[in-house]
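Just below is one structure, and these are the notes that go with it.
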Amino acid sequence: MFGRVEKYLLEKIKAEGSIHMTLVDPEKTAPSQAAQVAENSQANGTAAIMIGGSTFVSQAHLDDVIKAMSRIVKIPIILFPNNITGISRYADAIWFMSLLNSVDPYFLIGAQILGAPLVKKYGLEPISMGYIIVGEGGTAGVVGKAIPVPYNKPELTVAHALAGQYLGMHFIYLEGGSGAAKPVPPEMIRMVKKSTEIPLLVGGGIRTKKQALSVASAGADIIVTGNIVESIGGKQKVSEIIDGVKGNRG
Ligand code: 1GP
């Protein structure tokens, strides 16, 4: 059972090797800014826009940000919710995710039960994903009450990822935390990729072309960057990072 957006992502990964997604944090972004970021990212070759942050944003604002972006871009807009308040009817799809290393059942299945009827009502395409917080974990780790897997314990990350795959999840996301000092190490990515058969997203702290290339060549199918678009020269940076991701296509 694959929806339209999921098929698009799988075909793009198959054709291009590794793809890039731009994460927009609605909390830090006005609708007009978000539209600009989405337009630039699309022009540079990003495959999709993800929208979400770790803390609270009003749903009215989230709706406005998504509406502004969808007027400008053709690529899919995928919700990346931290809670049920991260659901908007104006997106194309939603990462229907469980935080696999949370100690709080709310982030494992509670929020999902509360959100599922809304996903259905809005006709959003759910894309099942196991979310694993690693390294310093950042705000997502604190808010999600996760026990982040240390970067030097890749075998534990493999165990989490396999559990996600065996539970039927379609994608695994290794999250180093937005703004992490160091991206997820290549060795951890390589081990997870080798042991699992589902597409792998990696994000958190990727700031340079070199880092993007290293993450992609270690086996990440989808490379996510967020913070960089908000930085000085963000437009140029995104284009360099996408070049790095493309560098993996040899
Ligand atoms: C956060 O992994 C993403 O969920 C992106 O992280 O903001 O550090 O690019 P950055």
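The backbone N, Cα and C atoms fix where each Cβ goes, and this holds for glycine too.
Residues annotated as Mg(2+) binding site in TrEMBL: ASP25, SER54. A coil conformation is recorded for ASP25 (Mg(2+) binding site) in the three-state DSSP classification, outside any helix or strand. Counting every protein chain shown, the Cβ of ASP25 (Mg(2+) binding site) has 21 other Cβ atoms within 10 Å.
What TrEMBL lists as sn-glycerol 1-phosphate binding site is TYR173, LEU174, GLU175, GLY176, GLY177, SER178, GLY179, GLY204, GLY205, GLY226, ASN227. ASN227 (sn-glycerol 1-phosphate binding site) is surrounded by 19 other CB atoms, counting those within 10 A of its CB over all protein chains shown.
Summarising the sn-glycerol 1-phosphate site geometry, the residues cited as binding it (TYR173, LEU174, GLU175, GLY176, GLY177, SER178, GLY179, GLY204, GLY205, GLY226, ASN227) extend over a maximum Cα to Cα distance of 17 Å. In three-state terms derived from DSSP, ASN227 (sn-glycerol 1-phosphate binding site) belongs to a helical segment. Closest to ASP25 (Mg(2+) binding site) in space, going by CA atoms and restricting to the binding-site residues GLU175, GLY205, ASN227, is ASN227.
In this structure the alpha carbons, written CA, of GLY205 (sn-glycerol 1-phosphate binding site) and SER54 (Mg(2+) binding site) are 15 Å apart. Cα spacing between GLY179 (sn-glycerol 1-phosphate binding site) and SER54 (Mg(2+) binding site): 12 Å, rounded to the nearest whole number. Proximity to ligand 1 (Cβ under 6 Å from any of its atoms) holds for these binding-site residues out of ASP25, SER54, TYR173, GLY177, GLY179: GLY179.
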